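Accompanying notes for the structure given below.
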There are 2 protein chains.
Amino acid sequence: MKSILSVALPQQAYNVVIAPQVRTQVGAWLSDRQQPLLKPGQKVLLVSNPVIFKHYGEQAIASLTQAGFQVSHCILPAGERYKTLKSVQKLYDAALANRLERGSAMVALGGGVIGDMTGFAAATWLRGIAVVQMPTSLLAMVDASIGGKTGVNHPQGKNLIGAFHQPRLVLIDPQVLKTLPAREFRAGMAEVIKYGVIWDVDLFEQLEAAERLDQLRHISADLLQSILTRSCQAKAEVVAEDEKEGGLRAILNYGHTLGHAVESLTGYRSVNHGEAVAIGMVAAGQIAAEMGWWTEAECDRQLALIQKTGLPTHIPAELSINDILETLKTDKKVKDGQVRFVLPTRIGEAKVTNQVEASVIRQVSEQLQAP
Amino acid sequence: MKSILSVALPQQAYNVVIAPQVRTQVGAWLSDRQQPLLKPGQKVLLVSNPVIFKHYGEQAIASLTQAGFQVSHCILPAGERYKTLKSVQKLYDAALANRLERGSAMVALGGGVIGDMTGFAAATWLRGIAVVQMPTSLLAMVDASIGGKTGVNHPQGKNLIGAFHQPRLVLIDPQVLKTLPAREFRAGMAEVIKYGVIWDVDLFEQLEAAERLDQLRHISADLLQSILTRSCQAKAEVVAEDEKEGGLRAILNYGHTLGHAVESLTGYRSVNHGEAVAIGMVAAGQIAAEMGWWTEAECDRQLALIQKTGLPTHIPAELSINDILETLKTDKKVKDGQVRFVLPTRIGEAKVTNQVEASVIRQVSEQLQAP
């Protein structure tokens, strides 16, 4: 099984390769094509976290070294709370120590945190060098690794600091998901469900047809390949139409408006990104039903799918609804002071609106709070 | 007197306005055109340093406020040694405190340090918001404010961290040069001479024809307008042909290869950027003569012009030539391990080469060292 998708951007197209074992072939992918993505002998800085590096670091380094690149590596601590400028500074130090030049590359081997920080460091080192994304979490595979959004958190808000910087190549190896903790797997499933709701009704129905979705071991290799391919295809199509989020791309924020607020107010700890998005999708779905954008039945189908995946569907009891509403106002998606929501119009389609009244947001949030 | 130049980039063209009093008209320039550069009522963060803000801050704020914008300001310490990620973090904090949105803008009112940092903060806040450059030093007017290079220094190297981010508008008021210290004025003249050597022989001859160039008060308003316009035109033409420094734009680094090494090794203190570039141009000129790229006579004309401006022409005695040669290897312009130099082929034309032998660099550097 192998899928090769193209993210067809006007300035530079790049491939997303989804295939078992591709983690051991990064060197060949960068060098062995008719048009090599990186010049022979170039310097490559592999960036990872301790756990991922232990599992897959040596294989990647061996592959890159065998292809003739000069490989160094930099290990950053795992976890969203380390997605800071301070960690990026360590990457700058490593780039300097290893004398990365304009023709050099960084390779991000890890989850979304590693991918976002490595992408940002690559975007801003010497005003931009190449980056290759090798996502190892489901969340990073279907979301963060494609589309060129990079960045770090500000102490007071997620992803406030960043840059658009498209990767040169994305390599996705489904086999690495075997070492992903179950909770992280479910977190990624939130984004998969998102693509079903906003873009791909067939994907949604495939997920509905599956017996279990709460753990990887219940999902066949075929279904997994399909989930990854359809999700990445959805992301690639949206990004190709709207690279810089002028319009369409904003629909990818489905579930993220309220999700970011929940994530931020829990200090990026007790609720992870995917869980927050799941809660945000439930909220957006109910707002959409409240406003007559889609039916109660569609809203229930989404809720059932999220529940089947084992993701949370309630706002944590300890959060204040007032704080959530206040936090929404500092969200990046605020435009002219109006909070923007993505709402589904039917399964497989969604639109952006800034017409959701504060009273509706409050009412739905209160209903959704865990008792 | 008013010059309006266009920097004709494919994705987005922008104007460079050179006119007395334009510093008091920024609000009108952003709002009063048929196609407003900024939406009415938007938030604007004015960034400056204490001295410049004292001179011109209120005028700019008044102009922006009168045009209906919500203006806040952030004052950063002056000086190259504050061009750090730490200062940029203060801008992020100010952006958050004032809730800058994607449609908001930052306005850089100051020299190159303020312009570079504000540009970088704007490039990376919410993955990119608008920036307006209002340069107040000659150096920033003719160089840093145009072309979208933004960034900060790494403790071990200048401008290693940065991004390309074109301004929405550049406003240059020659009158503000009256408050510029004489040494800073001369520093800017180094870049003006550079444009004469690499691009515009008429500019070079205008400078040769001037009786004195060492202080602003000896330069007529007409000549000053011409110097600014021709220099900005040269920069705009080069940038429009090669935004991301794939080829032609590299000639703007004339004098900067050795210049950066001198600047870096003196800790960005005893020798300023323009002075370092002047020394670098003398070195590049002699290397070019040594290699037969241009004549000794042309080399002497350049030297005479640099001397007339009162700029230094020797490498400081305390620097080790070995350190300089070592520092050259960490320069951003290193490609495949080869140091790249820009060398003049005649007055008004220059080319990039990586064919300068280390022995020639050493010999010229030793000749140029102050006794």
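Just so it is clear, glycine is given a Cβ too, placed from its N, Cα and C backbone atoms.
Taken from TrEMBL, the feature domain '3-dehydroquinate synthase N-terminal' covers A:74-186. Here TrEMBL flags A:Gly112, A:Val113, A:Ile114, A:Gly115, A:Asp116, A:Thr136, A:Ser137, A:Lys149, A:Lys158 as NAD(+) binding site. Taken from TrEMBL, the feature domain '3-dehydroquinate synthase C-terminal' applies to A:188-334. The feature Zn(2+) binding site is assigned by TrEMBL to A:Glu191, A:His256, A:His273.
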### Message
Need one number: mean pLDDT over the domain '3-dehydroquinate synthase C-terminal' (A:188-334).
### Response
93
### Task
Taking the Cβ of A:Ile114 (NAD(+) binding site) as the centre, count every other Cβ atom within 10 Å, in any protein chain shown.
29
### Query
Taking the residues the record says bind NAD(+) (A:Gly112, A:Val113, A:Ile114, A:Gly115, A:Asp116, A:Thr136, A:Ser137, A:Lys149, A:Lys158), how far apart in Å are the two Cα atoms that sit farthest from each other?
21
### Query
In the domain '3-dehydroquinate synthase N-terminal' (A:74-186), how many residues does DSSP assign to helix, to strand and to coil?
47 helix, 33 strand, 33 coil
### Query
Cα of A:Lys158 (NAD(+) binding site) to Cα of A:His256 (Zn(2+) binding site): how many Å, rounded?
11
### Task
Work through the binding-site residues one by one (A:Glu191, A:His256, A:His273) and name whichever has its CA nearest to the CA of A:Asp116 (NAD(+) binding site).
A:His273
### Query
How many helix, strand and coil residues does the domain '3-dehydroquinate synthase C-terminal' (A:188-334) contain under DSSP?
99 helix, 1 strand, 47 coil
### Query
Can you list the residues of the same chain, besides A:Glu191, A:His256, A:His273, whose Cβ falls within 8 Å of the Zn(2+) site's Cβ centroid?
A:Leu139, A:Asp143, A:Ala190, A:Lys194, A:Gly255, A:Gly259, A:Gly274, A:Ala276, A:Val277, A:Gly280
### Task
Please tell me which one of the binding-site residues listed here (A:Glu191, A:His256, A:His273) sits closest to A:Gly112 (NAD(+) binding site), measuring Cα to Cα?
A:His273
